[in-house]
Structures are given as C-alpha cells and as structure tokens.
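Novice: Take this structure first; my questions come after.
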Ligand SMILES: *Cc1c(COP(=O)(O)O)cnc(C)c1O
C-alpha cells in the first residue's frame, strides 16, 4: 500500500462515519480509496481501475470527468460558486427550471422547487402536500399511502414513508402517518374512511431500487394514476433513481404516459456531479400557496438552487441531446439483458434476473432455490470478489445491482458482466 493510501485509510478509520455502514465491520478491512474517474471507469489510490457498475450509488449518467459537464462547472465557478436563493434569483436556476418543465411538453408540471438530495426532494413534496390540504379545505387528508419495501430517503419525513423495516421501524412513531400497500391490489382493500384520510400515494415508478430491483407489472402506474383521480388523492412520484434516462426514457412515468402531481428528482439530475434535487409540481398546487403570508411554503435549505449544481444539470441535459443518450439505450438495454440471461443459464446460483432499462438486479440463491443464510453475506462477498476482476458495485441483500452510467459501451457492458460472473464463481464454487 502506498504511504498516501495508508494515511487516508488511517484517517478514515480514526474519524469518518460512513452511511448505512456497520462501522465495526468497516474498520476490520481496508476500504478502497477512489481518486479518479474517466467515463465509466474509476481508479483507486493504488492505481487499479474498475468499471463503475452502480454509477457511484446510482447517480452518474454520462460518465466521470465528462468535458461538457466539467467545463460548465468551471465556467460557473469563474462567475460565482454559490449565492442565496432566499431572496435572490440566479441565472442557472432560472434556466434549469425552464428546461426541467420543458421535459414535460404537455405543460402540466410547471413549477420547480430546488433542494439538495433525493430525501429533501421527497420531504419537500410531502410537506407541500400536507400544507396544500390544509389550505384547500381538506385538512383531514393527512395520511400517505406507500408500498411495502419502498425507499424514499432518510430525512424524517421521507423516512416515515419507508417500507424497509430494518431501516425505518425504530423511527416509525416519530414520522408522518403512512399506510403501506403490498401492491396495486392493496388499494381494493382500503375502506372509505381510510381513503378519505389519504392525501397522496408515493411510489417509485416502474421499479423499486432498494427493494432488490423489484419491477412493477406493466400498466400498474397508469392504474394507480386512475385510482388517484377517482378518489381525489395526489400522486407523488419518486424518480430519484429512475429519472434521467435510467429506465430507458427520460422519466419512468413517461413510459405509461402518467403525469404526477409531484415529481421528485435528484441523483442523476446533475449527471451525478453535484448534490442537487428538484421537486416539480402543477400550477394549481402552487396557486394554493398564494394569497397571504400564512399560506407561503416556509421551507428551504442554504444551498438551494446552488449555481454549480444547476450548471452541471444544464450541461447534463445538453449531453443528452449532443450524444443522443436516450436513442442509444435500447441496444444497450437489450445487450445487458441478453448477457444476464445467458449468465443465468450457466450459473445455477442465479435465481432471478430483474431488469428495467439500464437497471438490473441479479439475485443469488442456493441451487435448491432457498435463499442463502443472511450471515453468509453472499451478495456482499460477490461484490468484493468482483473488484478483483475490475468491477465496483453493491448488492441489496443477495441481489447484486448493475446500474452503470448510461454512456457505457457494448464492450464495457460485456466486461462488466464477465467480472460479475467471475465474482460469482470465485465466491460460490
Ligand atoms: C437514493 C434514493 C432516495 C434518497 O436520495 P438521497 O439523495 O440519498 O437523499 C430517495 N428515493 C429513491 C427512490 C432513491 O433511490
């Protein structure tokens, strides 16, 4: 290990606290220190190169160190890095809000509220929803519907929607009232009183990421929109993971021609370069916050609409056009699907392959079909083994996630799949 790596690892173990991490286990091993990126590749402090197989925790879209995004950030930096959005406008935020609304040509989503992360984008939607109900004569609508095993972020409001009990159960009593549904069928079981108390339904459209890449049935989102319309319930779409091309279209909801009442974006909005989030909504919802100080939305963060983040987001949208990112996806999606299907045929431990666009989950089980004992950490061990073959990714339990930057080429897709297969056979045979 180089002396610089040794120093970084020592300082990490002495002072850092990582997200979603058992720090006792973390400190047993030596973490990789990532120092550089280029396209879909990342380089660690020892000079080893890896394919960024989970797009740096589902954020990266056009690859690392993309000249167009880098240049946009530098150009903005030469003007100013940050100015307050409280009391002031800024050019990049004005331009970006227009561009984001323009991604919905029918014009229903016409207002953008900026924040910093996926969690705050969702937090903001649910607080707007609650206040909207108070100000439009329906204060009894205070509850939310969400889905089993859903994930919407970690701030208290977003966390109260969460359906993964190991993350959220201990905080349940402190959050918003939420009723969890098994699936769309769960709506039928709701009684009138429950529906009358419901403000909104929240869902990750087309695919739940944290729920081991659970793909919803075709047409489910459309049905959910229709149910909401019949019952005066709003639809909040969490496109934090699915947005910006990840599922094959710019937004997942566009595949079922659904327009939500709130659309939450983050992760890929800046191409994965800066923390920035946006909550889009309709003019009619915005208008309920007009007409007096007591009706305003008192919410915000100090880095709201950060100009560097907005500049990166604008550049990322430019790259979508220049590189025809979406038009190139069907071929890549097909190749990834074909390779994973072939791998499943070769490998008796692959129980299922789930895929939605450039989001894939490879679920490992014992050859008998039984899950591995949790304590074997099979998913985690496979990902560690795959590093030796030049792939970085993470599992959700025993489902290994492949969600590369969309710019990945066919050669790199093949390399990524080979590295995963090598990691599986190193671990299980
Ligand atoms: C990652 C994620 C979030 C939370 O976003 P952060 O930026 O980590 O706060 C919310 N919803 C979904 C669907 C996510 O994938």
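A Cβ is built for glycine as well, from the same backbone N, Cα and C atoms used for every other residue.
All annotation found in TrEMBL is predicted automatically rather than curated by experts.
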Novice: For the pyridoxal 5'-phosphate site that TrEMBL assigns to 118, 119, 301, 302, which of 52, 238, 261, 338 is also named?
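Specialist: Site partner of 118, 119, 301, 302 for pyridoxal 5'-phosphate, according to TrEMBL: 238.
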Novice: Please name the residue among the binding-site residues 267, 394 whose C-beta has the most neighbouring C-beta atoms within 10 angstroms.
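Specialist: Going through 267, 394 one by one, the largest Cβ count within 10 Å is at 267.
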Novice: Restricting the comparison to the binding-site residues 267, 300, 394, which residue's C-alpha is spatially nearest the C-alpha of residue 119 (pyridoxal 5'-phosphate binding site)?
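Specialist: So, spelling it out, the nearest of the binding-site residues is 267.
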Novice: I need the nearest neighbour of residue 118 (pyridoxal 5'-phosphate binding site) among the binding-site residues 151, 267, 300, 394, using C-alpha distances.
Specialist: 267
Novice: Sorted by position, what residues of the same chain at least six away from residue 302 (pyridoxal 5'-phosphate binding site) have a C-beta under 8 A from it?
Specialist: 84
